[in-house]
Amino acid sequence: MEEKEQQLSISIPVISASPSGDLDLEACSFPPKLSILTGFHAGYFRISLSLCGQALLWKTLSEPGTDARGLRHVVRMLPSAAFVLLWSIALASLVLLCALYACRCLFKFRNVQAEFLHHVGVNYLFAPWISWLLLLQSASFLRPGSSAAYDALWWVFSVPILVLDLKIYGQWFTKGRRFLSAVANPTSQMTVIANLVGARAAAKMGREEVATCMFAVGIAHYLVLFVTLYQRFEGSNSLPVMLRPVFFLFIAASSTASLAWSSISGSFDTASKMLFYLSLFLLASLVSRPALFRRSMRRFNIAWWAYSFPLSMVALAATEYAQEVTGGVPNALMLLLAVLSVLVIVVLMGFTAVKTGDLLPRGDDDPFVPSHQIAPAA
């Protein structure tokens, strides 16, 4: 109680008036800047995930393929400046989001702690590291296995994932059989996706043992998580209606697993195909149930960006599948998913530009911290 009174006595003079009784404009302008950080959270990294995933998709499509008549041939006809622009936009968005979250850690550390303890918020703490790994793989000036910078950056972006793994998976393993069923929700798959993206990046640079290790950790917990969510599909009940687009992470997890195993094994083999087919089944299951997302689509919000990243990953898996299984159907499937992925991200970027006010966090609305724990702001 004394601590709360001390915090209250500190915050009120800063946001009200100067000792002389005159209104201090500088003091009044400072809290709104901090109030934005109150509403800002790791879920905003959905934007960088989508852009970085799209950059990796188009880099893969621009690489030489076996079918000269396929989509890859059309993409290679585009000017290289288009890919540089897309990669630069992804980098700029990721740097901006990281800078904002660093400020949140500095000025709103209590809110970050609450986010770390939240059953949804903690999962998106993996998102910035996934974004950096995707951006690393899509960089045209860094070659995996032949660049020391690539290897060093991989370790910088992967070590935080392993540290978070110990926290998340350690809780699942040690806190009893009912703990996972209580906290599991579709966003929990972000923990799995992080390991699988790291495994794919490690395999690309020739670190097969490290890649296999990360893949094993990720896929083992994916199986446990998938069964838990499948059996009690009440994970939607623990999520606000506006977060229902995160159900598309089911597609992202299986697609990323397919890509990771393909990189480790060296070919899009039977295991990779099985995971890809699972992705298609999950995509069809979600698309055929639009009523699940109807209420979440009434007003634009940051959760809408949850549609884009999974579609980019399944489109990326489709390009690998079309490379291995030649024919009209695989190429048509690759074209359909790639076009759908592009259309979704273009629409999201348009809505973000037009409805920026709906996307920006509200100063007095932190989704993870109870209102009585947030210092008052003007």
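Even glycines carry a Cβ here, placed using N, Cα and C.
Model, not experiment: these values are computed from the prediction.
What TrEMBL says about this protein:
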- 81-102: transmembrane segment (TRANSMEM)
- 122-140: transmembrane segment (TRANSMEM)
- 152-170: transmembrane segment (TRANSMEM)
- 182-203: transmembrane segment (TRANSMEM)
- 209-230: transmembrane segment (TRANSMEM)
- 242-262: transmembrane segment (TRANSMEM)
- 274-292: transmembrane segment (TRANSMEM)
- 304-322: transmembrane segment (TRANSMEM)
- 334-354: transmembrane segment (TRANSMEM)
Quick check: do the transmembrane segment (122-140) and the transmembrane segment (209-230) share at least 3 Cβ pairs under 8 Å, counting only pairs 6+ apart in sequence?
no
Contact ranking winner - 81-102, 152-170, 304-322 against the transmembrane segment (209-230), Cβ under 8 Å:
152-170
Ranking 81-102, 152-170, 334-354 by Cβ pairs under 8 Å to the transmembrane segment (304-322), which is first?
334-354
